[in-house]
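Annotated features in TrEMBL:
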{"type": "DOMAIN", "residues": "96-516", "note": "domain 'Major facilitator superfamily (MFS) profile'"}
{"type": "TRANSMEM", "residues": "21-42", "note": "transmembrane segment"}
{"type": "TRANSMEM", "residues": "154-171", "note": "transmembrane segment"}
{"type": "TRANSMEM", "residues": "178-198", "note": "transmembrane segment"}
{"type": "TRANSMEM", "residues": "204-225", "note": "transmembrane segment"}
{"type": "TRANSMEM", "residues": "237-258", "note": "transmembrane segment"}
{"type": "TRANSMEM", "residues": "264-282", "note": "transmembrane segment"}
{"type": "TRANSMEM", "residues": "347-368", "note": "transmembrane segment"}
{"type": "TRANSMEM", "residues": "374-395", "note": "transmembrane segment"}
{"type": "TRANSMEM", "residues": "402-421", "note": "transmembrane segment"}
{"type": "TRANSMEM", "residues": "427-450", "note": "transmembrane segment"}
{"type": "TRANSMEM", "residues": "462-486", "note": "transmembrane segment"}
{"type": "TRANSMEM", "residues": "492-511", "note": "transmembrane segment"}
Amino acid sequence: MPSFDEVLKEAGEFGRFQKRVFFLLCQTGVTFSFLFTSVVFLGQASGNYWCRIPGAAELSERCGWSLEEEQNFTVLPLRLGNRSSSGECERLDVAWDASVSCASPLAHYSNGSVGNLPLTPCHDNWVYKQPHSSIVSEYNLVCGNAWMLDLSQAILNLGFLIGAFTLGYAADRYGRILIYLLSCLGVGICGIIVAFAPNFTVFLIFRFLQGVFGKGTWMTCYVIVTEIVGSDQRIVGIVIQMFFTLGIMILPGIAYLVPTWQGIQLAISLPNFLFLLYYWVVPESPRWLLTRKKGEKALKIMHNIAKHNGKYLSPHYSEITISNEEVSNPSFLDLVRTPQMRRNTLILMYAWFTSALVYQGLVMRLGIVGGNLYLDFFISGAVELPAALLILVTIDRIGRRLPFGIGNIVAGIACLITAFLPEDIPWLKTTVATLGRLGITMAFEIVYLVNTELYPTTLRNFGVSLCSSLCDLGGIIAPFLLFRLAAVWLELPLIIFSILAVVCGLLVFLLPETKGISLPETVEDVEQLS
């Protein structure tokens, strides 16, 4: 009986059929990047706002004031009274009623001196010039509540983490395409609920669920693509990453054109419903079907692939070799039971953690610089394209290990140099930091590919999901690490990033090279990798 790879060679390893499925599934990379980075635009600073004095709304209506006039009567006295208060987080401790005059509302209280009036902290009575421009103005995430914006991103990353475990496991148990379609449905529905959330608690709950399902779409589309192409074409995994980068470059355009955060949220969530149409065009992974002892279904799909590719499968391909490994429900112990699997798992977990921590840390560090948010964000995405092109040029010529290791080491050295460059040459600091971003982007994109190639089919989705969950842990820690350490010394986070990345670069050289080999089907295959 022929092996699956032999049948795939005859049916076409990257023919018209695979190209079509590949292009369709790549669109998931665009929508996932929207979800991954959308907080930058959903939670952007809400501009001009102040704390309203109780009774000011009614008085404003009675006196026919514009918002500017109300602001002048509310905030200007704070500045005139030689106070340092801007009127954003505290207000005058007074309440306006029907006895107050429209011409000079504070004369009733101040006895000629506004400076004597006491102040009180503001709790929930803010007025915004652009009330629905972001979640900051929608849910009052200002002053003492500002930390809740960081919480919303941490909750999303927590969703990614839970999604990696639960849906990664489900995709190995119930099939790749079923979990992919359910995840797309989940992202779309949760995205709509997030857009119309009546309060911040509902917003957080469904943002968490959107993270769970979002991770499901990204992980399963990646595995499907890798499993239906031949070993020479597996760099398609890197091209999916380029669509992620494309999403990062498109998002500022959407945010620039759509004035409200609800509009942005709907624009990035609704496309997921279109992916449900893939039910009719993307098949189940034949490799997965074989591991679940469903050889007939797998063969039927292979005949269909051959037909679309203009090829013809020999009649003696009536059965394909099925993995002799007993199908069991995967667990973490399966990933560490044998020596080579254990080494691969521990190094890959560390590589995922480091890639995410350094990547997100450098992105946020560039964001601190300020300037035009839309343009800066677009450029930060464009910087990632050369990384993908470098990988495509090198990965099939010199293998996976060398660019993987060098990417990490270059990122580490760049972070270290950036930390000690003087402040008075900002262009050089930015250039070297960008080189670090290029290096860590390369490492981040290769870890996806290598992770998929180092696990057997029975454990692939679970293995990739488990290892990549460390990426979400890195995403949760990154903002706290960056801002807490920067408070001690601005460049201290860069020193930590540097150490993590260089250690990762050295560990990568202990992994086996996977260039040009067939995807392992069993744990024994993995143990035989040199």
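From the backbone N, Cα and C atoms, a Cβ is placed for every residue, glycine too.
Segment contact holds for the transmembrane segment (264-282) and the transmembrane segment (21-42), given three or more CB pairs below 8 angstroms at sequence separation of 6 or more. Counting Cβ pairs under 8 Å to the transmembrane segment (427-450), the top-ranked stretch among 204-225, 402-421, 492-511 is 402-421. Segment contact is absent for the transmembrane segment (204-225) and the transmembrane segment (374-395), given fewer than three CB pairs below 8 angstroms at sequence separation of 6 or more.
Outside the transmembrane segment (462-486) by six or more residues, the chain places 150, 153-154, 157-158, 160-161, 164-165, 167-169, 171-172, 215, 219, 222-223, 330, 332, 334-335, 345, 348-350, 352-357, 360-361, 364-365, 448, 451-452, 454-455, 492-493, 496 with a CB less than 8 A from a CB of the stretch. Residues 37, 40, 235, 238-239, 241-242, 245-246, 248-249, 251-253, 255-256, 363, 366-367, 402-403, 407, 434, 437-439, 441-442, 445-446, 449, 515 of the same chain, all 6+ positions outside the transmembrane segment (374-395), place their C-beta atoms under 8 angstroms from a C-beta of that stretch. Looking only at the domain 'Major facilitator superfamily (MFS) profile' (96-516), the predicted model's pLDDT averages out at 85.
Residues of the same chain lying 6 or more positions beyond the ends of the transmembrane segment (402-421) and with a Cβ under 8 Å from any Cβ of it are 351, 354-355, 358, 362, 387, 390-391, 394-395, 428-429, 432-433, 435-443, 446-447, 450, 491-492, 494-495, 497-502, 504-506, 508-509, 511.
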